[in-house]
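Asker: Before I ask anything, here is the structure I am working with.
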């Protein structure tokens, strides 16, 4: 069979989006890994599936798979691409779209300037929610990594994040520390690792080593987690422009019990078909 797909990106964080409403396919872990291979497949950071909702109050079900084939809870850049895809493919004409994810419901809104605003929900810091092995919630935790002690924030944006503050993100040891923290035993389900440089109270720079994908050009939930941690520590103040290698996201978190709002672009690159056995 031939499977139709769309290649998209949000600030360089790239996705393959597949409509499983108007077509059918069985995509197991090995098949997803093959599709993710940039040499013999299509290549992507994450695969996004558009499915009918199980909850009648929702418009769609939004599923996310990393390049290693594992399903994950949430992806902010992917959410923006999801909204662009369902509008461009006339699966909905709504500007405000409700989707169900493993992490719970998300609200996506297509703004007048065609940027996408995503209600990312309330950041959560309780260790059992992240999950992270710690006796209690705290603004910062000490983490032993490769003989060094790092001051980190542990944040859930529906998926787990560790945030480290660095003086210069360009010189941050992302390639060395990223995989060590991603698989650290204190994060039993693995973790996305953000390296945060505070530029001013309303501006930051960020690099993210994503769980199951490695360093990417942008990570929406990573930007949310970094801003939430930065505001909690008193380093940042809402709203914050976060500069990632692929571009800039605008984040607003006005109060601890408020949803964190993320606004940024979503771009279609090309459409194609691939043969599946």
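Each residue, glycine too, has its Cβ placed from N, Cα and C.
Positions annotated as active site, proton donor by Swiss-Prot, on the basis of sequence analysis: 75. The active site, proton acceptor annotation in Swiss-Prot covers 219 and rests on sequence analysis. Here Swiss-Prot flags 13, 46, 66, 76, 77, 159, 192, 210, 211, 220, 221 as substrate binding site. Annotated site 'Important for dimerization' per Swiss-Prot: 270, in sequence order, evidence recorded as sequence analysis.
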Asker: Specify all same-chain residues, apart from the site residues 13, 46, 66, 76, 77, 159, 192, 210, 211, 220, 221, whose Cβ lies within 8 angstroms of the center of the Cβ atoms of the substrate site, ordered by sequence.
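Answerer: Sorted by sequence, the hits are 45, 64, 72, 74, 75, 78, 208, 213, 216, 219, 222.
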Asker: For the binding-site residues listed here, 66, 77, 192, which shows the highest count of neighbouring CB atoms within 10 A?
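Answerer: Per the Cβ count within 10 Å, the most buried is 77.
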Asker: What's the number of neighbouring CB atoms sitting within 10 A of the CB on residue 270 (site 'Important for dimerization')?
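Answerer: I count 8 other Cβ atoms within 10 Å of it.
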Asker: Quick check on the binding-site residues 13, 221: which one has the highest count of other Cβ atoms within 10 Å of its Cβ?
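Answerer: The residue with the densest Cβ neighbourhood is 221.
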Asker: DSSP on residue 221 (substrate binding site), three-state: which is it?
Answerer: helix
Asker: Out of 192, 211, 221, 270, give those recorded positions positioned within 10 angstroms of the residue listed as 'active site, proton donor', comparing C-alpha atoms, in sequence order.
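Answerer: Checking each Cα against the residue listed as 'active site, proton donor', the hits are 221.
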Asker: So, in DSSP terms, is residue 75 (active site, proton donor) helix, strand, or coil?
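Answerer: SS state of residue 75 (active site, proton donor) = coil.
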Asker: If you count other C-beta atoms within 10 angstroms, which of the active-site residues 75, 219 is the most crowded?
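Answerer: That would be 219, with the highest Cβ count within 10 Å.
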Asker: Whole-number Å distance between the CA of residue 77 (substrate binding site) and the CA of the residue listed as 'active site, proton acceptor'?
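Answerer: Approximately 6 Å lies between the Cα of residue 77 (substrate binding site) and that of the residue listed as 'active site, proton acceptor'.
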Asker: State, in Å as a whole number, the widest CA to CA span among the substrate-binding residues 13, 46, 66, 76, 77, 159, 192, 210, 211, 220, 221 given in the record.
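Answerer: Greatest Cα-Cα span of the listed binding residues: 17 Å.
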